[in-house]
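I have placed the structure first, in the form of C-alpha cells, so that the comments after it can refer back to it.
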Amino acid sequence: MKKKLVMIGNGMAGVSFVEQLLKLNPHRYDITIIGAEPHPNYNRIMLSSVLAGDANMQDIVLNDWDWYRNNNITLLAGQTATAIDTAAKTVTTDKKEVVSYDELVIASGSLPFMLPLPGADKEGVIAFRDIKDCETMIETSKKYRKAVVIGGGLLGLEAARGLINLNMEVKVVHIHGYLMERQLDETAARMLQSELERQGMQFLLSKQSDTILGKKRVTGLSFKDGSQVEADLIVMAVGIKPNVQLAKDSGIEVNRGIVVDDHLQTSVQNIYSVGECAEHRGIAYGLVAPLYEQGAILAKQLAGVENEGYHGSVVSTKLKVSGVNVFSAGRFTDEPGTKALRVQDDLDGIYKKVVFQNGKVVGAVLFGDTADGSRLFSLIRKGEDFSGREKEVLFGPSGGAGAVVSSADLVADMSGDEIVCGCNGITKDTIIEAITEQSCVSVNEIKACTKASGSCGGCKPLVEAILTSTLGADNVKTIKEGICGCTKHSRDEVVEAIKKMHLTTTKEVMHVMEWDNPEGCSKCRPALNYYLGMAWPEEHEDELESRFVNERNHANIQKDGTFSVVPRIYGGVTTPEDLKKIATVAEKYNVPMVKFTGGQRIDLLGVKKEDLPHMWRELDMPSGYAYGKALRTVKTCVGNTFCRFGTQDAIKMGIDMEKKFERLNTPHKVKLAVSGCPRNCSEATIKDLGVVAIDGGWEIHVGGNGGMKLRAAELLVKVKTEEEVLEWTGAYLQFYRETANFAERTSEWAGRIGLGAIKKALETKEDREALVARIDKTLALTKDPWQQIVESDDLRKAFDALTAPASPEAAAAGDAAI
Ligand SMILES: Cc1cc2nc3c(=O)[nH]c(=O)nc-3n(C[C@H](O)[C@H](O)[C@H](O)COP(=O)(O)OP(=O)(O)OC[C@H]3O[C@@H](n4cnc5c(N)ncnc54)[C@H](O)[C@@H]3O)c2cc1C
Ligand SMILES: NC(=O)c1ccc[n+]([C@@H]2O[C@H](COP(=O)([O-])OP(=O)(O)OC[C@H]3O[C@@H](n4cnc5c(N)ncnc54)[C@H](O)[C@@H]3O)[C@@H](O)[C@H]2O)c1
Ligand code: SF4
Ligand code: FES
C-alpha cells in the first residue's frame, strides 16, 4: 500500500517539490494536490511578461493537465482547503471533499498585502498576484487610460511597465524617497528612476496614500498631504504576507510564516511546509530560488533520502523590465563593519557597488551592466576571502583583468545538483542532460527544453557557459535574438541570408527577410550596412544614410556642435613638415584647441562644419578615422630604436600595421599597440590587439579594453617574425569582422566566444591565409573619405548638403531617425 501525500497549494514551490520527489522516488506516494486556482501549475513570475505582451498564458504553463494525469496525481483544481484535522489526518475543502493523508505539505504561498485604505473595496482596485489580476489589467486597459500603481518595488515597477505597454498612463506612488529601497541603494535607485521616466513612467515619491476616491468604481487616489491623482485603475503592490491562516487555525505553530525546521517540518508531526508560506530561521522568502532549494530538500526528506537539511538562502533579484538592467544580491547597504567598492559612470549609465565584510563579498548592486551578477552572487554564496585584494572583485588581478571568476570557471566549479536558473529551479545536470540527451545546441533550445533562462534571463551567461563547456564553442549555435525590434531574425540569420541570397543593399535585406518595420531603425540599419560591406566588399555600396552621424560627417561632433579633425599619424611618429602643416591649418581656421590624444596623434577641436573640407585639403594628410567603427590608432613605444631595454623595433612594427590596416571598417572601433619589450610602455595588453616584443620574437595579445569595461588582453600566440605578426593580425581582425555582432568590441566578442574558439579558427596557416586573403580584398578597395570629398565635386556637394546637427543631442536624435 502506497502512503498518501496531500499538498495544499498548486503553486511554483509546491509543484517543484513534487517534481523532485517523483524523480527520487516515483512510486512511494499516492499524491493529491489541492489548488485554489482553477489552473494547472503556472509560472507566476512570467505574469509580468504576459502583462508586458512578451508572453501569453499558454507560454507560462509549467505543468499541463496531462502532467498530473501521467504522474497519477489527483489535482483538485479550483478547490480551497478550509480545514486540517491533525488528529484524524484529513483535509477538508470548500467543495466538501475530505482527503486523508499520511504526510501533508502546506504550500499555500502568500497573499498580496492590500492597504486597508477607505475605498479599497471599490471596483478597479486590485493586486497583481495571479492570472485573474493579470487578465483584469489587460481588460481594463481596453476601456480606461489612467493607472496608478501603489508600491515602487519589484512587483509595482513590473506592473507599471506592463500597463505602459498596454497604452495606459501610469503613475507609481511610492512611500519611500527612492524606488526599490529593499533591493537598491539610492544611487542605483535614482538611475533606475530616470531610465523608467524615459520609458514614460511617472513617479510620486514619499507619498502616503490616504483614500481611494470614486463611487462604485475608483476615480482617484488622495494622499495624506492633501494632494490627489486621477485613477481608473489602482494596482496595489506593497508587499506580500505569508498565507498562514489555515495552518494557524489547525494549531500549527505560526509566526510571520508557518514555522519550519531544517527539514521543512512544522510543529506538527507529518506536516511540512514549503514556499512563501514557510518561515525558516525567521525568514519567509518572497523569491522562487530559495523556495526551490527548500523543495529539493523536502523532496529528499519525503523520499527517504538522506539529506543535509535546508540552511537558508542568500537571494538575488533582477527587475524584469525590458531595457533596464538592475541586479541586487545579499546585504547591499552600508552597515558598520562593511566597506563598499563603487564604480559609477554617468555617461553610460552604469553603477556597480560591491559590499565587503572582513574581506568577503556580502552584497552587490549593479545598474546598467549586470553581466557580473552571477559571478558576484556566486562569490557571496561561496564566501571567498579577498582581504587585501578586494578590488580584484571588480577590476581583476593586477587591477585590469575584468572579473575574477569567468562564467566558465563558475560553472566548472558548480556541482551537478546546484541550481543554475533560480527562477525555474533548473540544475546544472538538467541543462547538461538537455544538451547531451535532447541535442540542444543553443540557449534558446535549452530554454525550450528546460525553461532555464526563460523568466528573468539573469542566468543566461551561465547557461551559455555550460553549453560551451559541454559542446565546445564551435558546436554552439549563438542565441537567436532579433537584431532589433524591427525583425525577429538574428544576426547570424541575417548574415547568412546576405551571403546565400547575395543581398547587397539594406532595403533588399529588409524586404527579403520581411522586416516588421520596413524602414528599419537606428539599430538595424547601420548593422546591415556593416554586414553587407563585410560580406560583399566589392558589390556593396556604403550607404551613408545608414551610418551614424559622426561617420556621415567623417568627423566627431563635439559638445557645442562643432567638429574635430584628427589626421592619421602612423605609429605616433610625425615629422616637422606634418607638424608645420597642422600648425598652419590650425592658425588659419582659428582652431580653438590643438590637443594630443591618448592614441598619440593630434586633435584639432572646435572646427566649423564648413571648414572641414578646406582644412583636409590643406592638410593633405590621411584621415585618422577618429569618428568611425574602424581601425583607430596603433600606439607604439620607442622600442629598440632608442630605448635601451627594447628588443625589437616597435615603431616600425606599429607603422607597418597601421599602414596595412588603416581605413578598415570593423564591427566596432579597434585600437592596436606595439611595445618593444615586456615593460609594455604602450599598454598593449589593454588593446583590441597588442603586440609585445620578447627575446627573439613577438607576443600577440587580443581582446583587451582600457575603457569602461576594463579587460586585459589574452595571449593569442608567440611568433618570430614581423611577417607573422601581420599575418596573425590580419587573420584575427578578419575573423572578428566576420563573426562579431555589429557594435561589439573585441573584448566583448572575445569574452563571449572564448579565446579557445579564436585560437582554433586561426590555428592552421591555411585558415589564416584564407582570412588574410579576404581582409586584403577589402583593404584593397578602401579609399580615404576626405581625399574623395576634396577631389570629387559631387561628393563635396553631398557633404555640404548634410546639415550639421546643432548639438550632440540633435545628433543623437538624428541617429534615432536613421
Ligand atoms: C507578477 C509577479 C512576478 C514575480 N516575479 C518574480 C521573479 O522575477 N523572480 C522571483 O524569484 N520571484 C518572482 N515573483 C515571486 C514568485 O512568483 C513567488 O515567490 C512564487 O510564486 C511563490 O511560490 P509558492 O508556491 O510559495 O506560492 P504561489 O506560487 O503563490 O502558490 C501558492 C498556491 O497555493 C494556492 N493556495 C493557497 N491557499 C490555498 C488553500 N487553502 N487551498 C488550496 N490552494 C491554496 C494559491 O492559490 C496558489 O496557487 C513574482 C511574483 C509575481 C506575482
Ligand atoms: N523580479 C522579481 O524578482 C520580482 C518581481 C515581482 C515580484 N517579486 C516578488 O513578489 C513579492 C511582492 O513584490 P512587491 O514589490 O510587492 O514587494 P516588496 O516588499 O519587495 O516591495 C513593496 C514596496 O512597496 C512599498 N510600499 C509599502 N507600503 C507602501 C505604501 N503604503 N505606499 C506606497 N508604497 C508602499 C515599499 O516601500 C516597497 O518598496 C516580493 O516578494 C517580490 O520579491 C519579485
Ligand atoms: S616597452 Fe620596453 S622598449 Fe618600449 S619604451 Fe618601454 S622599456 Fe623601452
Ligand atoms: S534565473 Fe531567472 S530565468 Fe534563470
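Cβ coordinates come from backbone N, Cα and C, glycine included.
According to TrEMBL, the features are:
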type	residues	note
DOMAIN	4-280	domain 'FAD/NAD(P)-binding'
DOMAIN	316-383	domain 'NADH-rubredoxin oxidoreductase C-terminal'
DOMAIN	419-468	domain 'BFD-like [2Fe-2S]-binding'
DOMAIN	483-532	domain 'BFD-like [2Fe-2S]-binding'
DOMAIN	557-620	domain 'Nitrite/Sulfite reductase ferredoxin-like'
DOMAIN	628-765	domain 'Nitrite/sulphite reductase 4Fe-4S'
BINDING	C637, C643, C677, C681	[4Fe-4S] cluster binding site
BINDING	C681	siroheme binding site
Tally of residues which DSSP labels helix, strand or coil - the domain 'BFD-like [2Fe-2S]-binding' (419-468): 26 helix, 6 strand, 18 coil
Per-residue pLDDT averaged over the domain 'Nitrite/Sulfite reductase ferredoxin-like' (557-620), given as an integer: 93
Proximity verdict for the domain 'FAD/NAD(P)-binding' (4-280) and the domain 'BFD-like [2Fe-2S]-binding' (419-468), three or more C-beta pairs under 8 Å: yes
Other residues, Cβ within 8 Å of C637, C643, C677, C681 Cβ centroid ([4Fe-4S] cluster site): V638, G639, F645, G646, A650, S675, G676, R679, N680, S682
Entry from the binding-site residues list C637, C643, C677, C681 having the most other CB atoms no farther than 10 A: C637
When counting Cβ pairs under 8 Å to the domain 'Nitrite/Sulfite reductase ferredoxin-like' (557-620), the leader among 316-383, 483-532, 628-765: 628-765
Residues of the domain 'BFD-like [2Fe-2S]-binding' (483-532) by DSSP state, where helix covers H, G and I: 26 helix, 2 strand, 22 coil
